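Engineer: Structure incoming, see below.
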Amino acid sequence: ATTAPRIPSTRLALHNFDTSYSLHLGALWPSVRAGLLCEQKYGALLNNFAAADHVPRELELLNATDFVSEALQKALQWQRGAAVGEAARGCQEGSGEGRTVMQAEMMTPAEMSPSLCISISSKIKCYSFPRGDITRFRPARPDSLGLLDYYLMDAASLLPVLALNVQPGDSVLDLCAAPGGKTLALLQTGFCGHLAANDISVSRTKRLYNILHSYVPKEVRDTVSVTSYDGRDWDHVKGGTFHKVLVDVPCTTDRHSAMEDNNIFHKRRTKERQMLPMLQLQLLMAGILAAKPGGEVVYSTCSLSPLQNECVVE
């Protein structure tokens, strides 16, 4: 008797993606697939707690740019353009109301849509290299107090934090916090009155502790509570108490699955993968129950799967 050769988990993942994502994304899938298989690019999240005023200039000399502030500028330009177009239409229709074209062109950031500006503008700064530039950032360095100057992470991981739109004094829950990049980014806003960082994995929670100690001074760490509860049961622990809740759930982690053989598409993890949407739904419901009336919840994954995204939310 012969044993059939084991199919690598990465090949199983790509076969799954080719089958489902090609239908979902259509003509976009080949370029998205190529992106998944390219070498991962990192962003450098500046640590506002470190004495590292020289770092932005150092990174800019390497041709890296702060994509958060760039996004804000692009958003403002887009809104200003939309306002000019609306004013021009008003002039053509002979309306005496609203702004003139010149007034629209001279709109200041404070006059733009508050929801758009507030959700992007923050103290968060994250530098990345231009598209096609695979330059690697140097390892983070400690300042005189031992705090590292920046944290290397997938820049897209900042998007849920920006979308959460934390305001001064907000109590915030990061329900699935480890390994800690988003928790650190939340602290960089300087707005968290209290931050609860939870993750069911004790080993991953230890990594979260290490990140906090490497990047955050003690007086700020004291405003953070780190726990290892099952996130699905959070409403039994402290329900209805948070202004903002981030639910960044476990998922198929598509890039990891396409590149690393130790992934959730391994045959022995089939049931675990099939149960992911139910786990994600339970975590999202727990996050909703953890929020105060009128609070805000952001749900995020690092997967392209509609079953793990739209279907869970809907």
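Positions of Cβ are set from backbone N, Cα and C atoms, glycine also.
TrEMBL entries are annotated by machine, without manual review.
According to TrEMBL, the record shows the following:
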DOMAIN    67-314  domain 'SAM-dependent MTase RsmB/NOP-type'
BINDING   CYS176, ALA177, ALA178, PRO179, GLY180, GLY181, LYS182, ASP199, ASP230, ASP248  S-adenosyl-L-methionine binding site
ACT_SITE  CYS302  active site, nucleophile
Engineer: Provide, as an integer number of angstrom, the distance between the C-alpha atoms of CYS302 (active site, nucleophile) and ALA178 (S-adenosyl-L-methionine binding site).
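Structural biologist: Distance between the two Cα atoms comes out at 14 Å.
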Engineer: By the count of other Cβ atoms within 10 Å, pick out the sparsest of the recorded positions CYS176, GLY180, ASP230, CYS302.
Structural biologist: ASP230
Engineer: Inside 10 Å of the Cβ of LYS182 (S-adenosyl-L-methionine binding site), count up the other Cβ atoms and send me the figure.
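Structural biologist: Total other Cβ atoms inside 10 Å, all chains included: 24.
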